[in-house]
Each structure stands twice: as structure tokens, then as C-alpha cells.
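Chemist: Pasting the relevant annotations from TrEMBL:
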type	residues	note
SIGNAL	1-26	signal peptide
DOMAIN	30-354	domain 'Sulfatase N-terminal'
BINDING	Asp38, Asp39, Cys78, Asp288, Asn289	Ca(2+) binding site
ACT_SITE	Cys78	active site, nucleophile
MOD_RES	Cys78	3-oxoalanine (Cys)
CARBOHYD	Asn203	N-linked glycosylation site
CARBOHYD	Asn423	N-linked glycosylation site
Amino acid sequence: MAAVAVATRWWLLLVLSAAELGVARALQPPNILLLLMDDMGWGDLGVYGEPSRETPNLDRMAVEGMLFPNFYTANPLCSPSRAALLTGRLPIRSGFYTTNGHARNAYTPQEIVGGIPDSELLLPALLKGAGYASKIVGKWHLGHRPQFHPLKHGFDEWFGSPNCHFGPYDNKARPNIPVYRDQEMVGRFYEEFPINLKTGEANLTQIYLQEALEFIQRQQAAHRPFFLYWAVDATHAPVYASKPFLGTSQRGRYGDAIRELDDSVGRILRLLRDLSIAENTFVFFTSDNGAALISAPRQGGSNGPFLCGKQTTFEGGMREPAIAWWPGHIPAGQVSHQLGSIMDLFTTSLSLAGLEPPRDRAIDGLDLLPAMLQGRLTDRPIFYYRGNTLMAVTLGQYKAHFWTWTNSWEEFKQGIDFCPGQNVSGVTTHSQEEHTKLPLIFHLGRDPGERFPLSVASIEYLDALRRITPVVQQHQEALVPGQPQLNVCNRAVMNWAPPGCEKLGKCLTPPESVPEKCSWPH
């Protein structure tokens with residue numbers, strides 16, 4: 001069921017905002033701009049303590065807006081977390097998981113057969129009910145086959161790629177990843193859109209920036225509210241930056257990419273001010289999952305004081321940098337200790353547009369406007385899933401682990417390490433360890449690095465367990481998993497002949513169709 005417009009809700013919000021914060025009443029619902037980074041860690045910004053202090057624009061954004069130090073993704077991997085953002089639902093509900101193995105991460109590589117189901121209602125489709133124009137710039141990652149593309153799921157415009165910028169490939173064993181404008185391919189990475197793996201030079205961030213600036217200008221001229229989803233991927237290995245930024249960071253090539261993204265955010269916010277629409281534009285900055293420590297230090301970032309990184313359900317894999325900016329509405333220089341989730345951006349965006357979330361399905365996202373506008377905190381759990389398995393939950397300051405592991409001994413012996421230099425005995429295990437009867441419980445306020453589990457004999461442990469147990473039971477009893485979309489792979493469905501390839505003479509011949517179970521890292 002489509003979201004139902006509630007006209008009075010938006011106006012009531014503005015009246016409350018005006019009464020409490022002394023702001024002017026808007027003439028139309030605000031523009032919504034979501035800035036989603038790729039594999040950027042909690043500790044990568046100066047405002048979060050990164051010692052090089054090379055993110056002046058994002059740091060200024062935090063000073064002018066609100067910082068969320070306790071903000072989480074819905075999965076420690078790219079595709080499921082993006083599905084969660086755009087649906088407001090845990091990936092296990094929308095089918096963005098695999099049952100090919102217990103607690104296995106999965107995503108949408110070229111050979112994946114599945115993608116975002118038609119039954120899922122995505123944010124841009126719902127925002128149409130309030131008259132929004134929408135565009136995605138950058139990485140989609142919710143399925144690369146045409147039926148899964150952004151314009152089939154509510155977006156009006158798209159410039160970017162269905163997959164990550166891996167490559168280059170020989171276009172025989174594997175095709176290079178296509179870049180799309182709307183519904184047609186306009187080239188491929190490493191061909192029309194070069195990335196120099198040796199030097200790290202690529203102009204993609206500048207191209208993505210210009211796409212964003214042009215869209216904003218066009219919608220402002222048309223006096224139409226807009227939703228812009230800027231999903232750039234320069235900080236995903238292989239990291240890249242344009243020539244003016246290469247070699248400028250104290251942190252190496254990864255830092256060069258961060259500096260260019262920071263500069264781009266500064267230019268976007270400056271345009272909003274120049275067009276006099278800053279006070280009618282809600283902007284939120286965050287990342288899809290924690291920094292990929294497996295690629296660090298040359299190709300990966302920092303998760304600050306937190307344990308491990310991408311692919312894990314420890315804090316380093318799930319807790320993200322997060323900044324909200326809305327001049328004249330969100331009080332400047334504030335820090336909110338609300339437990340936030342990437343799924344909240346779905347519900348909050350609908351609220352900004354004066355729309356209610358769909359009532360015919362479970363929605364996990366929380367409306368953050370009370371926290372941002374009035375400082376009201378809501379007690380809620382954060383569930384940590386890895387594939388089909390509930391690994392942990394945070395409630396208040398306490399986090400309970402029901403399963404722990406990083407990756408297998410087999411992978412670890414091959415040099416694949418999700419937690420380099422962070423061995424915590426009995427916690428960062430290389431076998432799947434079950435703790436469902438006696439969870440490992442940490443107090444994240446005192447122990448954000450998850451190094452000192454509470455004693456199971458302590459009163460504090462028992463009190464925390466009494467609070468957490470019924471929340472988990474209620475969640476698991478009510479959960480209805482979606483049909484898994486990430487089980488089946490087939491080389492024949494790769495990007496051999498994307499729509500529009502014939503115009504460019506870039507169509508390739510696919511191999512014989514052979515569906516098989518996807519093999520995921522373990």
C-alpha cells in the first residue's frame with residue numbers, strides 16, 4: 001500500500017518547529033538530500049577525532065548541524081544496507097540475505113540473479129505522492145538486471161552504476177561494469193570512465209558532483225521539491241581521486257578520496273546557500289557500513305575506537321559517521337545520543353514530506369525529527385544481522401552478542417583479516433561461536449571497543465539480560481523473512497549486454513546459462 005499523504009502533519013511539524021525554534025514557515029515540504037558514502041568509517045572525519053583534520057567541510061556541517069555518535073547501518077555490507085535505507089526495513093525482511101550458509105554476508109555482484117523485489121516500496125516511489133522529483137547519483141547495488149534498476153523502483157533519474165567499480169576485466173571471462181544515464185548504458189568503468197589502478201586517478205567524484213549540482217539547480221528553477229540520493233563510492237577499494245586531490249592527504253590515497261568527497265559536500269552545501277534554499281533542504285550524511293579494515297591502511301579507513309570493521313557485526317562494522325544539517329530548523333552544534341539507524345532515513349524523509357509510512361508491512365525505521373528538532377530521545381533496540389542470523393542487539397548502553405565470529409580460519413590463513421591487530425580472546429573468533437543461552441554483554445559507554453564482557457554472575461549482567469531478552473523474543477516471534485534474493489548466481493546474467501549497449505557498439509555475448517548456488521566468503 002502506498003504511503004498516505006497527511007497534509008496537516010507537515011504543517012503541524014513546522015508550527016511546532018517555529019514555536020520551539022523560532023524558524024519561518026516553509027512554503028513547501030523541504031528538499032531531501034541523502035549523502036551516502038561507501039566503506040567510510042566512524043573515525044574518518046575530523047569531528048570524530050581523525051588526527052589529520054582533513055575534512056573541514058564535513059566538520060563545519062557538524063558544527064552547523066547535529067552529530068549522531070550512535071548511528072548504525074542495518075548490515076555490515078553494502079547491498080543489504082542500501083536496501084534497508086531505501087525501504088526502511090531490515091534486509092532480512094526485504095530478502096537481501098542468503099540462506100546458502102549460516103551467518104553469511106551476501107551482496108549483488110555481477111553474477112547475482114536476484115535484486116530488490118517489486119513488492120518492496122522504496123522511498124523515491126513514496127515521495128512522488130508529495131510531488132518530489134528524485135535522482136540517484138552513484139552506486140545502486142540493489143540488482144543490476146533491468147527489472148531491478150532505479151527507474152523501475154521510483155527514481156526519476158539515475159547517473160551511476162548498478163555495481164561497484166571492480167575491474168578492469170577482459171570482457172571475455174567477465175564484462176566491465178556499465179555506467180548508466182537513466183535507463184541506458186553510456187559506457188563502462190575502465191573504458192569510457194577510466195580508473196587508473198596504479199595512480200588512483202579517476203574523475204568519477206567530479207562527475208558525480210556535477211550531476212548533483214545540475215539536478216539541484218534544475219529543480220530549484222522549477223520550484224519543485226526534490227529528493228537527491230548521492231551514493232558515491234570513491235572510498236571503496238580500489239579507492240580513487242581526481243588529479244587535483246591525489247597526493248594531498250597525510251593519509252595516502254584513501255585520504256585523497258576523503259578530501260575530494262569533503263570538498264564536494266562543501267560545494268553542494270554552498271550551492272544550497274547560494275540558491276537561498278538551505279533553510280528548506282534537509283541534508284543527512286552517513287556511510288553504508290564500517291571501514292574495510294581488510295583494505296587498510298592504503299585502501300581502507302578508520303573505525304575509531306571500535307572493534308573490527310566491514311563484514312562484522314562488531315561496532316566497527318556497524319556504527320557509522322552521521323551528520324544532520326537543516327539550517328534554521330536543526331539547532332547548530334548539537335550532539336544527539338539517540339540510537340539511530342540508516343533505516344530511520346526512510347521514515348524521517350516521509351515525515352518531512354508529510355507522508356505516513358506504509359501500514360501493510362513492518363517498518364523498522366524511526367522518525368528522527370523529534371530527536372533533531374526537539375531533543376526527544378526514543379528508547380529502541382538496534383538489531384545486528386549477518387545474513388540470515390541475528391548476531392547481536394543493542395538496547396540503551398548494553399550490547400548483547402548471541403553469535404560471534406570474524407571470518408573463517410581458512411580465509412584468515414590466506415591473509416584475509418576483518419580485525420587486523422584487534423584480537424580479543426573469545427570474541428573475535430574464527431569459528432562461529434554461539435552465545436544464545438548466555439550472551440556476551442558489553443556496556444558500550446564504558447567499553448566502546450567491546451573488549452571487556454560483563455561477568456555473567458554480576459547484577460549488572462542479569463539486569464541487562466532481563467531487559468534485552470523480551471525485546472529479542474518479541475522481534476524474533478514477529479519476524480517474517482522475505483524470500484532470499486542472494487542465493488542464486490549465473491554468469492549469463494552479468495553485464496554482457498546492458499540496455500543501450502547496441503547504440504555504443506558495446507554489447508558482448510553472454511555464456512551459456514548455468515544457475516548455481518552463490519558461494520559467499522565465510
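Each Cβ is built from the backbone N, Cα and C atoms, and glycine gets one as well.
Just so you know, TrEMBL annotations are computer predictions that nobody has curated.
Fair warning: this is a prediction, and the values are worked out from it, not measured in the lab.
Describe the structural context of each listed feature in the structure shown, including burial, neighbouring residues and relevant distances.
Modeler: Taken as a whole, the domain 'Sulfatase N-terminal' (30-354) shows an average pLDDT of 98 in this prediction.
Long-range Cβ proximity for Asp38 (Ca(2+) binding site), meaning a same-chain Cβ under 8 A and a gap of 6 or more residues, is found for Cys78, Lys139, Cys164, Ala231, Val232, Asp233, Ala234, Thr235, His236, Ser287, Asp288.
If you draw a 10 Å sphere around the CB of Asn203 (N-linked glycosylation site), it holds 16 other CB atoms from the protein chains shown.
Within 10 Å of the C-beta atom of Asn423 (N-linked glycosylation site) sit 11 other C-beta atoms, taking all shown protein chains into account.
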Chemist: Can you list, in sequence order, the residues of the same chain other than Asp38, Asp39, Cys78, Asp288, Asn289 whose CB lies within 8 Å of the CB centroid of the Ca(2+) site?
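Modeler: Surrounding the site, in chain order, are Met37, Met40, Leu77, Ser81, Asp233, His236, Ser287, Ala292, Lys310.
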Chemist: Specify the count of other C-beta atoms within 10 Å of the C-beta of Asp39 (Ca(2+) binding site).
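Modeler: 28, counting other Cβ atoms within 10 Å of Asp39 (Ca(2+) binding site).
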